[in-house]
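Following: one structure in structure tokens, then a few remarks.
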Amino acid sequence: IYPRVLVEKMADINLKEVTLIVGVVTACYWNSLFCGFVFDDVSAILDNKDLHPSTPLKTLFQNDFWGTPMSEERSHKSYRPLTVLTFRLNYLFSELKPMSYHLLNTIFHAVVTGVVGRAELLSSIFFLAAFLSYTKSKGPNNSIVWTPIALTVFLVAVATLCKEQGITVVGICCVYEVFIAQGYTLPLLCTTAGQFLRGKGSIPLSMLQTLIKLIVLMFSTLLLVVIRVQVIQSQLPVFTRFDNPAAVSPTPTRQLTFNYLLPVNAWLLLNPSELCCDWTMGTIPLIESFLDIRNLATFTFFCLLGALGIFSIRYPGDSSKTVLMVNKNNAKLWNNVGHALENEKNFERALKYFLQATHVQPDDIGAHMNVGRTYKNLNRTKEAEESYMMAKSLMPQIIPGKKYAARIAPNHLNVYINLANLIRANESRLEEADQLYRQAISMRPDFKQAYISRGELLLKMNKPLKAKEAYLKALELDRNNADLWYNLAIVHIELKEPNEALKNFNRALELNSKHKLALFNSAILMQESGEVKLRPEARRRLLSYINEEPQDANGYFNLGMLAMDDRKDTEAEMWMKKAIKLQADFRSALFNLALLYSQTAKELMALPILEELLRYYPDHIKGLILKGDILMNQKKDILGAKKCFEKILEMDPSNVQGKHNLCVVYFEEKDLLKAERCLVETLALAPHEEYIQRHLNIVRDKISSSSFVEQPVFPADSISGVEEENIPIENVKEIRSEAKPTQIIKTSDNKSQSKSNKQLKKNTDKETPHKTTKEIKEIEKKRVAALKRLEEIERILNELPFWGNGGWGHLNTVH
């Protein structure tokens, strides 16, 4: 009769009672609304990728148990699919306006305050809803109403998605149907069954209808169980002795401890002041002997329970015996406090709690892993390695004939990942780290993180083909992981396969349109391809990148480089200035901004930029060359230019470009012989450079022309004309690498060549010896002819630009 009474009572609930209940609930949770997440909430909610809207919904049915491995160093606790959906709604509401979010958050925070209880609450709601729906399945004349039954099956499935015990409502429905809805008794059922089996009677219609309903319920339950087994891939979840020490204890410890839990929970029901967020590990020490004083509490509880059963027939009421308990033996609680402090970057205090967890539970693998991770965060690598080795030594040993994966918590496999990540910082231990990754994979072939971490290591070991194999294996396990497609793109870059790399970058962006590294590096790849048609998309991706990372100067710099490619000088200047504003010592941005000014006839604006560049990087050779060029051409500061080129040769005596330009300085100083020697030395450094030989010939012609003027007779045919030629350009790259997670994408900081013209000054004529009038006239006639040719030569020389890299006046830079 109790369900009927319950339904009647529920129908009597009025608005005042509902308001009172809602008010009490709101008051209870009010203090928690302004608090941060703690304990299991951190890993289960904040660090749980299943809660992100970008995660496909189907993965909720795969990450279905506690302890699913997720990241390099931390495991997350995954909840039942419907429970996760509740959180995802909360994430979506966070996109609303602050006021709307605050109001909605008040509702949802009541759900998420209790991490462990939240799944039970949801399951209980649908549990009760399924039962109430089933109570409506009996129609007039004991007929079957199928709509409530169908709704019951659906609600049972939903309750099971929240918590597995939701399926037990089917048993309650069966009991309700037989003993309450139909009013059968055990003697009646036994008598009817006996007569049917002996062939002396048939099953009554009402009982047959009841049997049909029960068969439908049981068949639905069986179907849910089959689906559940498929979801977990026919493997039971891993629960270690840390989760429930009593469950793996021998007799009678197991029975005594489990029975003691009854009075403990009864006491908590009456006095919830000692409620704890977690009751695993050593929270309740095992009762290993009949002489344990706590057995009295168990005995008293059963006595009171029996008395309560007897007295409940006569009087309503309840009573219980109380017992106190101490929580200092629960290693999980120490670990949880450590996690909370760790999230606050308070590693010193976190370490104390993690160490205490290892003292309370010396064989707790997770506690030792926490200690190792904290030591690593404190840069105490030796102690970190020792802690990881301790955790590794506690792993279950391989037993022939038994599956290792079925006996180990998946998150404990992270000890191999963490240890390998630690020792691979030492270049001499890369093979040792690889061995640890392979060991983790051999223990659990579906351990995705091991493949990812191994792929990164193999790239570091310059084994891109093997790295590719590792990432492809990881993709077999998770094809919707944008990070994996990104890493595979990096491998293709290492393999000199830019087209394949771009395809994988695009795949990563299809899965996550805001994947920052994929946006940035794919844009750089498009830019470096040189294909004009790809530049608009590269620009769009870089704009998306700076929207996600507004403080990263690299995004603005590469936008500036794209603008320079498109000859959008004003836009390029704007982006370069933004990059420099964010990073004052950004070498590439400083140089290319100065180069941009020099290309757009703003050489004097380039000088202070070059001064700033050389203040941070005094050995920046191309900056020195560009500065020397501007000083000589625009400022007419030959001495300043000379110092720039001499400084280059101090740092790099074999620098052909610096040496060549210094020869030009000697020429400007009218020291033709020194210029000639300088060019001879330069030609020796680069004997195959045709332009150096041509320039040497020009200087020698100049020397010959000057000497000829002093002679009494200057043969008219001894001076040959020099024609201006196009000097071949030599490109010199200066590469600047920007470090990014997983791999490095190289970007260059040079641009197209800077052209500047250099004027060569004329030499004055020297006096000739005294001659007769006839001789003087003849000489004068020849001098006029010679001077005309000399002026022609000088005119050509004057039109030749200043010597740069690979030719007169060409200071070549490429990006």
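From the backbone N, Cα and C atoms, a Cβ is placed for every residue, glycine too.
Sequence annotations record features per position, and here TrEMBL assigns transmembrane segment to 20-39 (among others).
Here TrEMBL flags 107-132 (among others) as transmembrane segment.
If you look up TrEMBL, you'll see 144-161 (among others) marked as transmembrane segment.
Residues or ranges marked as transmembrane segment in TrEMBL: 167-190 (among others).
The transmembrane segment feature in TrEMBL is assigned to 211-231 (among others).
For the domain 'DUF1736' (234-305), the model gives a mean pLDDT of 83. Sequence annotations record features per position, and here TrEMBL assigns domain 'DUF1736' to 234-305.
According to TrEMBL, the feature transmembrane segment maps to 296-315 (among others).
Residues or ranges marked as repeat 'TPR' by TrEMBL: 331-364 (among others). With DSSP states grouped into helix (H, G, I), strand (E, B) and coil, the repeat 'TPR' (331-364) comes out at 27 helix, 0 strand, 7 coil.
The repeat 'TPR' feature in TrEMBL is assigned to 448-481 (among others).
Per TrEMBL, repeat 'TPR' is recorded for 482-515 (among others). Tertiary neighbourhood of the repeat 'TPR' (482-515): same-chain residues 54, 452, 455-456, 459, 464-465, 467-468, 471-472, 474-475, 521-522, 525-526, 528-529, 544, 548, 742-743, 745, selected by CB-CB distance under 8 Å and a gap of 6+ residues from either end.
Taken from TrEMBL, the feature region 'Disordered' applies to 738-776.
What TrEMBL records for 746-757 is compositional bias 'Low complexity'.
The compositional bias 'Basic and acidic residues' annotation in TrEMBL covers 762-776.
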The transmembrane segment (167-190): which same-chain residues, six or more beyond its ends, come within Cβ distance under 8 Å?
1, 3-4, 127, 130-131, 134-135, 138, 142, 152, 156, 159-160, 206-207, 210, 213-214, 217-218, 220-221, 224-225
Using DSSP, what is the helix/strand/coil residue split across the repeat 'TPR' (448-481)?
27 helix, 0 strand, 7 coil
Looking only at the domain 'DUF1736' (234-305), how are its residues distributed among DSSP helix, strand and coil?
36 helix, 0 strand, 36 coil
Report, as numbers and ranges, which residues of the same chain sit near the transmembrane segment (211-231): CB under 8 Å and 6 or more residues beyond its ends.
61-62, 64, 137, 144, 149, 152-153, 156-157, 160, 164, 167, 170, 173-174, 177-178, 203
